[in-house]
Amino acid sequence: MSSGGLLLLLGLLTLWAELTPVSSRKRHQFCNVPPEPGRCNANVRAFYYNPRLRKCIEFSYGGCGGNANNFKSRGECKRTCAE
């Protein structure tokens, strides 16, 4: 294969990698479930990942129960689900 062909192939692979949405990359499955406030009434500030909007959103967590799409900080949510 010529060097021009290799450059074209490399460029196409790079473009594909950049355009591939996060949802099709390896992401924890729990990042796709809706937020669950839990059964208690503590009203704790928490964050969940919204796959449709591709961002972490604040919600009120009851303090017990719920699911794994529940993070103490927006940064932790982003590191786990959005990167």
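Cβ coordinates are placed from backbone N, Cα and C, and glycine is handled just like the others.
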Looking at the disulfide bonds in Swiss-Prot, identify which of CYS77, CYS81 pairs up with CYS31.
CYS81
Recorded disulfide partner - CYS77, candidates CYS56, CYS64, source Swiss-Prot:
CYS56
Helix, strand and coil counts within the domain 'BPTI/Kunitz inhibitor' (31-81) (DSSP):
10 helix, 15 strand, 26 coil
Where the distance is taken from Cα to Cα, which of the disulfide-bonded residues CYS40, CYS56, CYS64 turns out closest to CYS81 (disulfide bond)?
CYS56
Looking at the disulfide-bonded residues listed here (CYS31, CYS40, CYS64), whose Cα lies nearest to that of CYS56 (disulfide bond)?
CYS31
Consider the disulfide-bonded residues CYS40, CYS64, CYS77 and say which one has the Cα lying nearest the Cα of CYS31 (disulfide bond).
CYS77
For CYS40 (disulfide bond), which residues in the same chain are close in space, meaning a Cβ under 8 Å from its Cβ, but six or more apart along the sequence?
GLY62, GLY63, CYS64, GLY65
